[in-house]
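Visitor: Supplied in structure tokens, the structure appears directly below.
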Amino acid sequence: MEKMINDIAHRIIAGGSITEAEAIQLTQVQGTEVYDLFRAATRVKEHFVGNEVHLCSIINAKSGRCAENCAFCAQSAHHKTDAPVYPLVQEEEMLASARMAETNGSACFGIITSGTTVNGPELEQILTALRRIRKETTILPSCSLGIIDEETARKLKEAGMDTYHHNLETAASFFPQICTTHDYQDDVNTVRAVKKAGVKVCCGGIFGLGESAAQRVEMALTLKDLDVDSVPMNFLNPIEGTRLEGAANITAQECLKTIAIYRLILPGKRITVCGGREKNLRDLQSWIFFAGANGTMIGNYLTTLGRNVDTDLTMFSDLGLKTVMCAH
């Protein structure tokens, strides 16, 4: 297995690619072979994207009462959880959060809203906030506003949005087990519309939903076909009141193996570890960078708390990682 892993890394660095069958086979590595996989992912990462780490932060700008029935989500109106419920926050609050993210060293700041989409006055308010963030900070703003079309993407871009975030969440073959209120193709179409508008796309998913290892590979190959710019990787933090409240936690080793395989499938992309990092990786959080990740979210998530920012910044320094600074 060590020879196979090394051969795959050499092939990728030389401009080739890993096959689906090889990627699925790598999901089964155990023992010391896991470290061979991590070494290969690190070599590929350093060849294609270097040794810098990209930091991002978000604001939950509109929370709760979402009509979608995503099995993992605390904000779904189909679930009874303790997640906060409030309308779209004012632009001043978005701007203040962007400034805080900038102070903490994030290069990207995401405005995230619950619900299927945004339009009308809400969209106009977000457009105004984007213009102010661009004018009054150096941070790059992104948005995650649900399913949108090319015209909306162009409006957001003109207002200053750098990247649009829209997760596929899981593989197409598993999606009906997670969400039935919209089709997988709606998400794929959103990614394509945003790309057509000339906007960078941040698109990934969440692991530990009950999907198979092969389905994790399936989603990675879909992301490769869509040619997304960055891939956020979340790991399920089961929330009481959701359909997945009793789901078994994904192991730390499974998290790291999945990151490594995604690096081999998506060698030149930004791979950012986001939600569930603290819950699932615990003392192994720093290992994400040895498994192939080159980004992480700092601060809090949508409905769960993140780790202390200073603790994360110390971790990056201890690892000798250089953080990417904000720049328009």
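Think of each number as a place in line: the chain as shown, counted from 1.
Backbone N, Cα and C define each Cβ position, glycine as well.
Below are the features I grabbed from Swiss-Prot:
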type    : residues            : note
BINDING : Cys66, Cys70, Cys73 : [4Fe-4S] cluster binding site
BINDING : Ser142, Cys202      : [2Fe-2S] cluster binding site
DOMAIN  : 48-277              : domain 'Radical SAM core'
Visitor: Report, as a single number, how many Cβ atoms besides its own are within 10 Å of the Cβ of Cys202 ([2Fe-2S] cluster binding site).
Guide: 27
Visitor: Residues with Cβ closer than 8 Å to the Cβ of Cys70 ([4Fe-4S] cluster binding site), same chain and 6+ apart in sequence?
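Guide: Long-range Cβ contacts: Ser76, Glu169, Ile178, Cys179.
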Visitor: Within 8 Å of the Cβ centre of Cys66, Cys70, Cys73, which other residues of the chain have their Cβ, at the recorded [4Fe-4S] cluster site?
Guide: Glu68, Asn69, Phe72, Ala74, Gln75, Ser76, His78, His79, Ser114, Cys179
Visitor: Roughly how many Å lie between the Cα atoms of Cys73 ([4Fe-4S] cluster binding site) and Ser142 ([2Fe-2S] cluster binding site), rounded to a whole value?
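Guide: Answer for this pair: 21 Å between alpha carbons.
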Visitor: Between the Cα atoms of Ser142 ([2Fe-2S] cluster binding site) and Cys66 ([4Fe-4S] cluster binding site), find the distance and write it as a whole number of Å.
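Guide: Rounded to a whole number, the Cα-Cα distance is 20 Å.
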Visitor: Which whole number is the mean pLDDT over the domain 'Radical SAM core' (48-277)?
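Guide: The answer is 97, the mean pLDDT of the model over that range.
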Visitor: Could you say whether, by DSSP, Cys66 ([4Fe-4S] cluster binding site) belongs to a helix, a strand or a coil region?
Guide: strand
